[in-house]
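S.K.: Below: one structure in structure tokens.
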């Protein structure tokens, strides 16, 4: 008896052998993962007509990959059936999947990508990397094509403000985002009415209201502590209102001491004050987004920061008559450079047409159909979410949450802003998230917060291996 | 004769080569690619790759996240194997020798089955269950503490940088202790009864028998357990990824090398850098295995 004597040298020998063979096979096998750069695929195209301005080949199949997350993929199937009506000779291969990145990464490497991809969700491919590697088509042809609803209007002119900018990398539009997300603070209108609370427009009023809410035995704020980025949104929104577009630009352009601008330090101090006065539900720092949002839906908490997807996400557990409403973050002071109604808004649900697609014209045409009022309206109905197509919500009966989002977007008008550093420099985004998590638990001070984030931003700025963007 | 030998070789080759080929394609070639990629700046989507030499490895040791991960994996390496083996041995001894006159206790197999249960669950499920247990407001753990009047001990387990890593380690120990108990109990069961009886006749008490007879005979099994648990402690990815704040937080308190690797590859699209992490982890694990095997090399007792 000695079963383990057999095992004794086994792992070592295997490993050593492995290493030896690895060394020998290195040059041969090394080529496998990264090969296949130089084959130039012959992209199909058809004749350009008024009916078919993009020159879509009728007989060529179209492969569509959709991120099947919170919005499902029914809206895409709907757009695909419209595509088939226009091009009866084409077959459409639809894939609704969750881990877009894992499924498509090898196909991008091998240059056999699908024709159009909804590159969204936690497992998406890094857009900046795709752009850097030249894997995406320029969408200029699509933007300049006549829109489906009104041939006199270009597709470019049917989109909400900022959407074209959001998709622009290196002066080329390489992605088009289908949904328009705004971030704000959410509350239940009936709960506020019941207690006679009004949602504040200034930070001082917010602190006063929190005191009242606390006295009523409700926790004033919670946040999705497991993912501190949710708390970044009100913080960065208040900073942007205080410092105006220049503050946002300085941050995104990695300017020296950008994170030490007074607007950012003041906003960080505001969040720290919230925590310091005990206005945040205890234990929030360890709650996942579902847990924190559930506590809010059960009216244990009055206010939660979130993007406009919240209503759709809470569909199953929102009690009847909860009537959630979103409001823009309050103003830090009367000296703010943007009005209080200014809104952090950005388009998301990023659609791309890979450069090496077999049917890129078809991919562009699919997007022209998807971004038409008909298809966008269908999406809004299915998901109570605002598409990035202007006027897509007109004439629809809106739920409480989506209605408040539309009101906020209308009130903000041209005053919308968005930070780009999250997409441009993912490591910086992580540093900001970590720091904000520490700030909200008061383990660091607002000054330490801005020091830490500045250090991380400087590290990105000086790293020659990171591709830099400017706005 | 020669003919015969050839035939035999042909047969042996036929039996071995397909397996070797599969092993080469699915185990060795990914290893080789990882080694190669660790010397490049591959982004994961591009076919274009630039050779950067040892640059990735130089960066690793200036990367505060990776250093935090090293520290955390190091602490896990010190704690998880020792605690798991100690608990596993204790439970195995209680089950195997805890009964009257040093026999197995009644219902021994029931206990073994119960303790083995966590092994049947996949790690992400275990992590999810424990996330509920650690929930600061409605969790089982804080509920229990508050229920017995120890409100002062209730904590935000996963939200506190001083506790989060310990909370993760507790889950790793919980999930593996049952398996090692069964392993140790099986090894104890194969110790000949005469040895134990002889010791008892010589006047050895239960503790002495345990310390002088049983444990020395388990040395090899414990050693193997140590290597496996060491590998587990150098990983910890699944539990950290599912359960912790961030994940890897709060403020990198539970950052582990596997998580850094995953993040760099799939979030930051730095596959070359991630491969360098993987290669480093490979050599660390290898060193650990070699050291553990060397340290325990002693004269072996041959039974029966």
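Any Cβ shown, glycine's included, is placed from N, Cα and C.
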S.K.: When you get a sec, could you say which of B:163-186, B:187-210 is annotated transmembrane segment by TrEMBL?
M.R.: B:163-186
S.K.: According to TrEMBL, transmembrane segment applies to one of these ranges: B:54-74, B:75-95. Which one is it?
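M.R.: Among B:54-74, B:75-95, the range TrEMBL annotates as transmembrane segment is B:75-95.
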S.K.: Can you tell me which of B:12-32, B:115-134, B:222-243, B:271-293 gets the most C-beta pairs within less than 8 Å of the transmembrane segment (B:75-95)?
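M.R.: The stretch with the most close Cβ contacts to the transmembrane segment (B:75-95) is B:222-243.
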S.K.: Please indicate, using numbers and ranges, the residues of the same chain that are 6 or more beyond the transmembrane segment (B:271-293) and have a C-beta under 8 Å from a C-beta there.
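M.R.: Sequence-distant neighbours of the transmembrane segment (B:271-293): 31, 34-35, 37-44, 49, 52, 56-57, 59-60, 66, 77, 223, 226-227, 230-231, 234, 257-258, 260-262, 264-265.
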S.K.: I need to check the long-range neighbours of the transmembrane segment (B:12-32): which residues 6 or more away from its ends have a CB within less than 8 Å of a CB in the stretch?
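M.R.: Tertiary neighbours of the transmembrane segment (B:12-32) are 282.
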